[in-house]
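First up is the structure itself, then whatever we jot down about it.
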Amino acid sequence: MPSPGEPGARRDAAKQLKVLMPSCFHRLSISDELAGHLDAGNGGDDTALPMALVVNSFGKVWQVEVGRDGGGAFLGPGWPEFMAANGFGVGWFLVLRHEGRGVLTVKAFDLTCCLKESRGLQPSTATGSNRYGSHKPQFIMVLLPDFTEKMLIPPAFVQRYVSEAQQSSKMAIIASQFGKFWPIEVNKDGSGMFLAGGWSQFLAFHGISEGDVMLLRYEGNMVFKIKVFGLNGCQKELKGRAAGTQQNTERQKEAHLCRKHERSSGKEDRRPKGSLSSSNKGSRKKGSCSLENGERPSIKKEMNTYSVKKFVSLANTFCDLIGLVGECTITLKTSMKSTKCWQVGARRYKNYGYLGGKKWKSFCMENKIREGDVCTFHIVEAALWHVVITHNSDRIG
């Protein structure tokens with residue numbers, strides 16, 4: 001079992017959330033847990049002066065003394081210089097994380113609730129990839145009473161990081177700490193974009209309550225990962241993790257469905273292009289996709305790393321429009337004049353649908369689809385889709 005100061009302890013790294021008050025500019029109180037990690041990072045030598053190497057978002061390092069008095073542990077000498085150099089303000093949120101061996105990283109969220117940007121980052125083109133630094137776009141929100149039914153995504157965050165195409169999305173996906181993906185309906189009005197339908201159920205299931213602080217990291221394409229801090233400033237273990245039996249059952253069921261689909265894909269690959277097998281027609285259990293009144297809809301999706309490797313989500317309204325029910329196979333073609341095609345898995349859940357599986361990953365690899373590329377799916381027939389791929393390099397050029 002690694003000690004807190006060893007690299008192997010990174011997964012269980014101590015974290016703490018702080019709200020900057022005027023007194024914090026002189027010294028910053030920290031939890032005993034975090035202080036203990038910093039002590040271990042100094043080799044456990046009681047005679048040595050505990051020090052922390054505090055790193056800002058730009059990678060610059062300050063040496064800060066870790067002190068203690070009757071009020072507990074705190075960051076002392078060296079901390080005022082760190083604060084002054086970084087221009088932090090009253091009311092900002094700081095997230096401190098021990099990385100091992102006495103190294104403490106600090107992420108700062110300003111009054112717009114957005115992660116303070118590093119120099120050289122172009123907000124209008126930021127998508128969260130590593131080329132913009134070690135931090136993906138993030139925002140932080142306190143769960144106020146008005147946000148329990150629907151929560152506003154900070155307007156500054158939307159303006160900087162959410163493309164116009166993504167702003168028209170009707171659904172967002174939130175990945176919780178234990179890997180479950182939750183579809184949340186997105187509403188938009190004159191005041192901004194909101195996480196709405198399904199949001200209150202998400203909060204209730206995970207035990208997130210009023211006063212908790214939520215940190216949402218943007219993965220692109222309206223996919224977010226969430227961390228939650230309690231009133232004491234420490235990261236919360238979400239209740240959903242404790243609901244082991246129910247959660248494991250759901251995950252096993254989903255995994256079973258995926259395996260079942262992948263096993264059946266080989267048989268479905270031999271179906272005539274643009275049609276479903278007769279065993280699927282009219283069967284909700286087996287799955288179907290149909291068009292009514294000759295409609296030929298289309299949908300445009302900007303790709304991120306997750307959608308390239310795993311699946312691309314389909315809005316609920318789009319699934320209704322094309323009649324996607326249950327589980328079926330969709331034939332994708334990048335040219336209607338070519339015989340080349342890819343038959344990928346499609347599935348409809350209660351609030352969203354998706355294209356995914358091994359064949360989807362092969363489609364992306366063979367067509368060199370990368371993060372930032374845009375795929376426009378034109379529905380030719382119920383199970384035959386023409387895909388127009390616009391590579392990010394082509395758009396920039």
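The backbone N, Cα and C atoms fix where each Cβ goes, glycine too.
The domain 'TF-B3' feature in TrEMBL is assigned to 54-112, 136-232, 329-393. Residues or ranges marked as region 'Disordered' in TrEMBL: 240-295. Per TrEMBL, compositional bias 'Basic and acidic residues' is recorded for 250-272.
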Residues of the domain 'TF-B3' (329-393) by DSSP state, where helix covers H, G and I: 11 helix, 33 strand, 21 coil
For the domain 'TF-B3' (136-232), mean pLDDT (0 to 100): 90
Helix, strand and coil residues within the domain 'TF-B3' (54-112) as assigned by DSSP: 8 helix, 30 strand, 21 coil
